[in-house]
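Following: one structure in structure tokens, then a few remarks.
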Amino acid sequence: MTAERLRLVLGATGAVAGFAYYILLEEQALAMAPASLHRFVVYFAIAFFPAFGLLAGPLLPAVAALRAAIIATALSLLVVLAGLRFTVDRPSDILEPASSGLMIGPFLLLVTLLIPLSVTRQWFDYATFFRSAWSAALKTIIALLFLLLFWAVYFLSNALLELVGIDILDDLASEEVFSITLSGAVLGVVLAIAFELDELITTILRLVFGLLRLLLLPVTAVATLFVIAALVQGLDVVFSQRSAAGTMLAMTAGAMLLVIATLGTKDEDFARHLILLWSLRILGAALPIMVSIAIYALWLRIGEYGWTPDRLAGILAAAVALIFTLPVAAYALPSRSDWQRHVRNGLLWSVLATVGIAILWFTPLLDAQRISARSQLARLTGGLTDPATYSYYPLAHEWGKAGKNALDSFKAMKPGPEVQSLIAAAERADNKWAAEQVATRAGNASSWRQLFARIETRPAAATLPPIEDVASDSLAHSPPNGHNASCLQENEPRCIAVAGDFLPRVSGIEWAIVSQQYPGTYPQVTLLYSDAGVWHFSSFGVDFSAEDDADLISILRDRPLEWIDPGVRGLAIGNTTLMPMNPRN
């Protein structure tokens, strides 16, 4: 096919793709069709057009269209199968019923992997697969960058024409169908031009490989240092950090990208510098350990909170990462004969294993919603999860039929009225945030109630108000987290609630809830005040002197209260002063 004809074909295909996406996703043209048919057509379009665009260069258009159609049909049927787990309550549920990317994400991963596998009949060929994958990625990036440049020129041209009162470009761009269709056409033409310059693309890839190889040594050093430090200091240090497993898996993915760039697509491309060789071998030892730590971190999380679709996806992602690191560990680390070829073949097997795992994700064998719903129901009924603080929204709205069935089973056990109100609120909620606000209020109320039952008061005869009299909005935004460690410890609770007229301009008595986990540590102080019979939480300004008055709790217990009154009334504990932040000012 001539270059001009390929530009015409891909430009027209891109325009049709843009128009189809607009009709299917924005206008919801098939909203009245059966959900399975609607989902099949949407996902077919999502897969077919990119696959055809990236295959039409190396293959004849007819062959590219056939292979793209096979990919799109097979994957769309998988999505339809997985979609049977869900009920469609609104049109947006067609694309992503779980609202967490766990359907569209694996689908796009499969499309991305199957396109380079479809370039040639010799699909089990490392050089062909990775050269096609790198080339497709580079061409896509070039096309997207040019699209940004195109629209920058477009809007600059519009600004120029508006100076003379011509608004046609602005009028066209304001029509969403025009913008999306034109963007598709531009992407198609740029892809066609990129296919014409395959030799230049190959040269750019060599440059990219060379630049990525520069990062191999520092990444190896960081990964090795992390593994050694984690093993020496203990894993508790690692697990105390937020998103530890995600960070380790992201680092592993980046390191494997550098390994693949260093290996090249064939022996002639292999970087044989001694430093790079040793870096590969060291990574062969470090990366499996890092991934194993990430898997252990995820497993601890699952043991503590049970399965969810996100955690199951995380475990599978970690398994894929481990699969990719094993060929490097098996062949590069011992430096066996012809180890580069063995590593490349192992990586290709890893790609095929990833395809297999992603396919299983859409089948009943890895029904994430069913697995998660059973896990959470078992925890709720087995006493491992507190029903009064649990968020029921995922069961009610995100985990499909399995989640709703699990929730119905739990409701049939007749939980208490507070739990029933939480479930009802989750079922009524339009979004997860609204449901979690209700759950947060209930959880905070339960925590404050437990704290109020144990806290010491001054004067001793004074009684804290019932938690039911605290405003719900105040409960939602005032968790007692800062007090729990001090007030709920087994030996000697280190917290005191002091009654006093902290806000002279507000009628009635207020409370200062003071906790200090250890002598010398900064205290946690919360103000509790009444407004028209409804109690609210607020905060204190604390001028803390750790040197002179380290043990505030002992001072409050053993000494008379000292009051100060700078407009509002504060409390002096030795040289430490507590001042409420007046909610009326």
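We count from 1, first residue shown onward.
Each Cβ is built from the backbone N, Cα and C atoms, and glycine gets one as well.
Quantities reported herein were computed from a predicted structural model and do not represent experimental measurements.
Going by TrEMBL, these are the annotated features:
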TRANSMEM  7-25  transmembrane segment
TRANSMEM  37-57  transmembrane segment
TRANSMEM  64-84  transmembrane segment
TRANSMEM  104-124  transmembrane segment
TRANSMEM  136-157  transmembrane segment
TRANSMEM  177-195  transmembrane segment
TRANSMEM  207-232  transmembrane segment
TRANSMEM  244-263  transmembrane segment
TRANSMEM  275-300  transmembrane segment
TRANSMEM  312-334  transmembrane segment
TRANSMEM  346-366  transmembrane segment
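In summary, the transmembrane segment (136-157) lies against the transmembrane segment (177-195): three or more C-beta pairs, each 6 or more positions apart in sequence, are under 8 Å. Relative to the transmembrane segment (207-232), the listed stretch 275-300 leads the set 64-84, 275-300, 346-366 in CB pairs under 8 A.
Panel annotation: around the transmembrane segment (275-300), residues 213, 216-217, 219-220, 223-224, 226-227, 230-231, 235, 238-239, 244-245, 248-249, 251-252, 255-256, 259, 262-263, 311, 314-315, 318-319, 321-322, 325-326, 328-333, 335 of the same chain, lying at least six beyond its termini, place a Cβ under 8 Å from a Cβ of the stretch. Among 7-25, 64-84, 177-195, 346-366, 64-84 has the largest number of CB pairs under 8 A with the transmembrane segment (37-57). Comparing 7-25, 64-84, 177-195 for CB pairs under 8 angstroms to the transmembrane segment (346-366), the maximum falls on 64-84.
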